[in-house]
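> Here you go, one structure.
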Amino acid sequence: MKTSFFSLGASTVTTKNVGRITQIIGPVLDAAFLPGQMPNIYNAIIVKGQNPAGQEINVTCEVQQLLGDNRVRAVAMSATDGLTRGMEVFDTGAPLSVPVGEVTLGRIFNVLGEPVDELGPVNATITSVIHRSAPAFTQLDTKLSIFETGIKVVDLLAPYRRGGKIGLFGGAGVGKTVLIMELINNIAKAHGGVSVFGGVGERTREGNDLYMEMKESKVINEENLSESKVALVYGQMNEPPGARMRVGLTALTMAEYFRDVNKQDVLLFIDNIFRFVQAGSEVSALLGRMPSAVGYQPTLGTEMGGLQERITSTKEGSITSIQAVYVPADDLTDPAPATTFAHLDATTVLSRGLAAKGIYPAVDPLDSTSTMLQPWIVGAEHYETAQGVKKTLQRYKELQDIIAILGLDELSEDDRLTVARARKIERFLSQPFFVAEVFTGSPGKYVSLAETIKGFQMILSGELDHLPEQAFYLVGNIDEATAKAATIQVESA
């Protein structure tokens with residue numbers, strides 16, 4: 001680990017290199033400096049002064065281009081309202097730095113690492129620059145290992161890779177937020193890890209809702225912030241493209257500290273990775289670069305790779321990333337999602353149909369995929385159980401049209417048995433969540449992978465054919481299902 005990435009003490013602004021604004025085009029501005037005092041690419045420069053109304057101005061920008069004639073072009077991280085030509089610009093001499101460490105837990109930050117939750121300043125003793133290189137090959141952990149989440153449907157059918165990247169697909173209201181909060185809760189309890197949530201181009205309302213729900217479910221503990229399990233970094237939809245383009249790096253930098261220094265397993269959520277690309281496209285156009293395919297920036301692959309390659313497992317710890325992916329116009333060949341897919345190890349697809357049936361988490365067992373589901377990685381027992389579950393559910397899906405038209409009685413004996421087992425499997429894939437206890441009234445359940453495999457093997461083998469299907473709904477392991485069946489039998493007697 002390169003300790004030089006992290007610096008003690010809050011970053012201070014140097015004022016030795018002072019320039020003046022020569023041009024402002026929306027969120028992009030040009031500044032002229034004296035010869036020999038030019039800031040470097042990616043340096044943070046700060047515009048200080050007063051607007052015509054006499055209000056103080058403090059706008060941080062990031063240098064993107066050196067134009068010649070001692071001029072630089074920079075992208076603003078906040079609104080440029082009130083800036084005028086001739087205003088002084090101060091070179092900080094370094095890239096943007098943000099606070100890292102335990103002080104970030106339970107707090108909400110903007111792209112600059114400033115708290116925006118009105119809970120007072122952050123006493124950051126350690127800061128880190130947001131532009132860092134990916135870990136060297138010698139530091140990487142090459143072992144393929146599963147990241148156990150305690151969520152049955154994920155661990156069995158689309159397991160996450162430790163240090164991998166997972167795409168989360170789902171529309172509004174199907175349970176993305178609840179699934180995210182349960183993962184944050186489980187990594188803290190089972191792995192002793194923490195989470196960082198990067199809201200990239202989020203709706204402000206959604207960001208606020210997430211924060212309120214996290215407080216309600218005790219993922220964020222307002223009374224004792226040090227007991228919180230997550231740090232939040234928001235760059236909302238209404239902010240300039242520069243802020244939306246860099247907020248993902250701010251969140252990643254905070255996650256890297258927990259991995260490299262605290263040697264923890266970290267979950268990094270990015271919602272939405274498409275907005276990161278979209279912001280980069282806006283900045284690229286403002287900087288005058290020639291657009292590439294479908295109007296995207298020519299540096300799309302480089303920008304995505306720069307972010308994704310930093311998300312990995314090292315010998316010290318891991319960052320496992322779950323990224324919500326918006327697919328524009330449902331076109332999977334669009335350059336933005338297509339570039340994202342190249343980096344993903346697994347996909348978790350949420351289904352509105354399952355949510356409508358009341359099966360939560362509403363993860364689609366047939367559409368969700370994982371590169372980890374190979375017999376030489378997960379073992380023959382896990383692989384064969386998962387394939388058996390998928391085969392049974394696929395057959396049930398094929399028979400649904402016949403059932404709808406002719407009814408169950410017209411099916412063969414074998415098909416009726418398949419349907420009965422598939423309905424049990426479908427219900428057993430549901431699970432009560434810790435963070436949803438306030439809604440369901442049922443205590444949350446963490447189910448180990450071994451218990452998950454055992455349960456589905458028993459359903460597939462026919463051992464539990466005599467149990468009613470409602471016994472499998474919203475339970476943890478298979479023992480709870482058999483106990484629930486006994487209770488149902490007593491109540492109906």
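Every residue, even glycine, has its Cβ placed from backbone N, Cα and C.
Sharing the features that Swiss-Prot gives for it:
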BINDING   Gly170, Gly171, Ala172, Gly173, Val174, Gly175, Lys176, Thr177  ATP binding site
> Can you tell which of the binding-site residues (Ala172, Val174) has the fewest other C-beta atoms within 10 angstroms of its C-beta?
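Among the binding-site residues Ala172, Val174, the sparsest Cβ neighbourhood within 10 Å belongs to Ala172.
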> Hey, what's the Cβ neighbour count for Gly170 (ATP binding site) at 10 Å?
21
> Have a look around Thr177 (ATP binding site) and count the other CB atoms within 10 A of its CB, chains all included.
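Result for Thr177 (ATP binding site): 18 neighbouring Cβ atoms inside 10 Å.
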> Counting Cβ atoms within 10 Å of each candidate's own Cβ, which of the binding-site residues Gly173, Gly175 comes out highest?
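Counting Cβ neighbours within 10 Å, the top one is Gly175.
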> Which residues of the same chain, at least 6 positions away in sequence, have a Cβ lying under 8 Å from the Cβ of Gly171 (ATP binding site)?
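Looking at Cβ-Cβ distances below 8 Å from Gly171 (ATP binding site), excluding near sequence neighbours, one finds Leu350, Arg352.
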